[in-house]
Every structure is written in structure tokens, then in C-alpha cells.
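Here is what TrEMBL records for this protein:
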type: COMPBIAS; residues: 579-589; note: compositional bias 'Basic and acidic residues'
type: DOMAIN; residues: 340-472; note: domain 'ATP-dependent DNA ligase family profile'
type: REGION; residues: 553-589; note: region 'Disordered'
Amino acid sequence: MIFDRFAEGLESLEKTSGRIDLAKGLAILLSELSPDETAKALYMVQGQLMPPFAGEPMGMAGSLLLRAIARALESLNAPLPEVDLKKRLAAIGDPGLLAESLLPPGKRPLVSLAAVYDRLLGISRLSGTGSQDDKILHLSRLLADIAPLSARFVCRFVMGRLRLGVGDATILDALVQTTVSSKGEESAMKAERKRVREELEGAYNLCSDLGRVGAVLREEGLDGIRKIAPMVGYPVRMALCERLGSGEEIIEKIGRAAVESKYDGFRCQIHCGPTGTRLFSRNLEETTSMFPEIARAASELFAGRSAIFEGEALGYDGENDSYHPFQVTITRKRKHNILEKSSEIPLKCLVFDILYLDGVSLMDRPFQERRKILEGLFPVRVRGIADRELPPEGVFGASRLIVTEDPHEVDLFFDEVVEEGFEGVIAKRLDGVYAAGSRNFNWIKLKRSYKSALSDTVDLALIGYYRGKGLRTKLGIGAVLGAVYDAGRGEFQSVARIGSGLTEEGWRDLRGLLEELRTDGPPPGVVSGLVPDFWVRPELVVSVLADELTRSPTHRAGRREGEEEGFALRFPRMVSGPRADKRAEDATTADELRRLYEIQRQRLSGKGEEGG
Ligand code: ATP
């Protein structure tokens, strides 16, 4: 296709609004292209020269472009001083329209779409001394060779301002239209379009390259699309999580599940193969050079083999054999001083999935099977609820998980990891495939919900505390044990283990105060089903917000004669440090707790009626 015809197509897309019409217009344009041109055109309508993960941004500065336009005008015997150009640009605002209005119409050589693409790619790859002048020269020649309308789009393109509103979904819709005939019975065609759309999207999810999908479709049809498989060097679009609010909801939804710590760092999809190792981020940008220790370790581990696997990279705190919080880990996201920073904050990578190994895709295998393979490749340092999350000795380790069908165990694991300073947990369906590019219930994240059924805070007397683990090791405190007061019995009854809500400084201060109150064994009048690492005299009171009050066999709060269960707070977090205005006996009472439970029950059933 001649580029000028392509530019006409772009102009009509520019005038189109609405995704359906955009897809129709694009389908018409695509149907005139060869397979090779299809890939190039698809990159270009998205303002790129390559798929986004290949990182070939043009983003030329406006001043360079103006100089190129000035030079093109000169070569076409229509010179205009740069100052005038600047004034006109200030009035028009768009360098594309400026070039179009100034370049004289008239006969030009016929330049193909592929040639313009190749010339732009050549310009984008010029680097080093003198490259700016070369860029101006080559761009000015290109502008002089194409029609004014074409120049409009080339100028916008090189500045990264070609905004046609054509997204991934529109391209997929357009590709469907180039394949499915529009003649036939409407319902059959609709079903066919849906089927083809799914196939194309599936292929796109595997290679993240719409240009490739378009070219293969054009050349080999759907048979070719079905052959697209994960390939080292092409990021797989990442599987995402749904969310649910409790262990109970999770188990109800997916049954027996693997539940993993949810690490808060950088997601890395790591590709190893004969051409080397490459890392990709959650947004499919290449991050290989940013995280050299991960790339090196992966190359060593998979020397002579090929693999695609995923993990979360976390900053490692060697002093405490623990991880850094996200605010520290994020300082590794940088383009300069990478080596210095990597020795200051080295990374560990907790591997949670493997998608491909030695030429074989594992994506359709059940999670359990992929996990088994993963555990054969990466060391498992910790398992289960009671173990603290010990970082792997080398760069890589398998993520920590439990396998359970007991909702209570999910919640316990959740409490444990939150107490260690992690974000929450991710539950995975044991027979789930790796669902590239989609968000479904194969993976479910459980973070603290801020939608409380229990909107009031409660004031709890602190009766004990736990040593810090994981990220909290160096603070020496990971959680506290809180109690309500039963005035009738003169007892402090445990109601929650609270591991969140304070800043690092807040935790440190609280530990200082609690240390002063330590006792050997439970102080008189303290009743608890849990045994903290340290008991303390009940003197400090903190305000706590929770999502819900539940019945619990573990906690003793509000338990009446003959009852098996007390009350417990779900997802508790402190909203204040110790309150100077309250004594331990001023804490929320066991009776108040019962009343709160009743209010919550009524609110929840009231909500149910409204909703129903
Ligand atoms: P979204 O999924 O809505 O885009 P996000 O990318 O901000 O959100 P979250 O939804 O909070 O992330 O959680 C999903 C992310 O958690 C994953 O992308 C991954 O980076 C990270 N993660 C941490 N631990 C795990 C794990 N064990 N398994 C899978 N992902 C994990």
C-alpha cells in the first residue's frame, strides 16, 4: 500500500467516533494490506513501531521536528525561517497540521507504507554523537517525499501524538471483521464472531503482539492463530486476581485451594532461552537491565534450557534476614546507578508460577502440577502457618503456601502474613490453568476490606504481644493481643490479635511501652485462648476498627456459662496508639460486645432486605 492511501485511512479513522465504527473503518483499511504491511500498520495506528514490550518509542522533541519541517520546506523550494514556523505552531498548536498546511502539494514519488515504516524505524534507532542532526536530515527527506496529508500523520507519529483512539479491543474487533464473512444469518454470524474473537484474544494473550496476530491471521488464517504458543522473549499477558472478602467466601467459591503470601514488590515475568534472559513487568515493559541480579541468577539456573516463570521481587534486608517494605523495594525501580543500588538493596524473587519449560507450554496444566514442577526448580524455604517467612538463601525461592479447604485456616494464614507485614494472601484454584490476560477466580486476592459491617471502633485493653516476624523482625513486635473487660467477672477476655494499623514508628513506641508491663505468665484476671509471646499487665487501651464481629472458639470475649464460643473481631486494625484518657477498665465491655453483635446482625439482615 502506498503510504498516502494509508494516511487517507488514518484521516477517516480520526473522524470516526465510537468503537464499532472505528473497528469497521480499520477492518476496511486492513483488508487492503499484505501480511507484512498488516503488522506495520497495526503498530503504527497505535502510535508505535514495535509491540510495546519491545520498547521502540519515537517521542522526538518538538524543536527537532520543527527543524526537520524547515529543512523539508527548503528542499521543496518553499523556505520559511524557523522563527516564523514557531509563531505559526503557537497559533495552530499541532505540528502535524502545521506541516500539512505548509508543504506544497504536487507530485511526489510513490512511497509505500512499508518504506515509511522502515525509514521511521531507522530514524528511531539513530544514536550517539551527531545522531540528532542525522535524525533531522532523514526526517526532512521523508517529509519532502510524502503528500501533505501523510506529513500530518508522520509528524504526529514521531512526536508520540498520534491519538486515534484505537485500542487493543478495537484492533481485535477489526481483525474479526476481516475474517468472518458479513453474509449469513445474524445469530450464526454473531456466534462465529464471538468464537473468532476469543481465538484471536487468546493468541494475543500468549504473545502480547497484535502486529504478529494480525500478520499471522492474514497469512495463515485461524489455523496459524491456533499455532501461536508462548515463546521465550514474548511476554505472556499476565493472569490477574479477582477479590473476595473472607476465607469462607474463597473456599465456598473454589473449594480446596492453595493459599500464598501476597508479596508487595515488583511482578517479574522471567524468560530464559538460547538468546538470553529477559524480564518483563506487570505492564509488559522490559525490566532486564533494572534487576541485573535476577537476570544473572535466572541465566545460571536455566543455562542450556528454556523457561518462562513468574515471581515477585522484593528488596532484601540482610541485617535482619527479612524483606524491606515496598517503599524501600521501589527505590530499585530506576534507570541510573543500578549496580550501586543493587548492592545496597539486593532483590530476592519469590517464584509463584511457571508457564513454560524446555519447549513445552505448561499454561494449560492444573496449578497443582505447575507448582510441583516449580518446587523441583526453586527451593522451598518455608511452609505452613506457623513458620515465619524466611527469605531464600539465593535469589530465587518458591512462594510460601498452604493447601487447605478450611476457611478458618485461610483466615489464620491471612492473619499470620499480615502480622508479618505482608499485604494479604492470594488463593489459587488447584486445578486452575494459567489464565493469561484475564481476571477470574482462578486467583483470588484477600486483602483487608475497608467496608466494615462493624462501623464503630472498640477500645481494647492490651494483654500481650507477639515478637515481630518477617518485615517486622527488627521492630521486635508484630501484633498485640487485645481484650474486652467483663465487669461482672472482673476479667479481661481476649477478642483479637491485631497486627496492623500503626506506622513503623508507632509499633516501635508501643513495644517500648509494653516492655515495661511484661509479666511472667498471664496476669491475674486475664483470660485468653491464645498465648502471646509476652504477657503484659492490662494497662494500655487502644482503639480498634474491624470488619466484623464473629463467633469464635479461640477467643473468650463475652462467652457465657455453657457456651463453647466467644466473640472475635475479624480483620482488626488499630486506629490509634495507646489512649491516655482510658484506663484498662474503661475498655469496651463484654456486654457492649454482645450488643454490637446484635446491631451488626440487624444491620446485615436489614441490608439483605434492601438488596433483595
Ligand atoms: P490488579 O490485579 O487489579 O491489576 P495490582 O497489579 O495492583 O492489581 P493486586 O491486585 O493488588 O495487584 O495483586 C496482584 C499482584 O500481586 C500480582 O500482580 C503480583 O504482582 C502480586 N503478587 C504477590 N504475591 C503473589 C503471589 N503469591 N501470587 C501471585 N501474585 C502475587
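From the backbone N, Cα and C atoms, a Cβ is placed for every residue, glycine too.
Automatic, uncurated: that is what TrEMBL annotation is.
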For the domain 'ATP-dependent DNA ligase family profile' (340-472), give the DSSP counts of helix residues, strand residues and coil residues.
32 helix, 43 strand, 58 coil
Mind looking up the mean pLDDT for the domain 'ATP-dependent DNA ligase family profile' (340-472) in the predicted model?
90
Taking helix as H, G and I and strand as E and B in DSSP, count the residues of the compositional bias 'Basic and acidic residues' (579-589) in helix, strand and coil.
3 helix, 1 strand, 7 coil
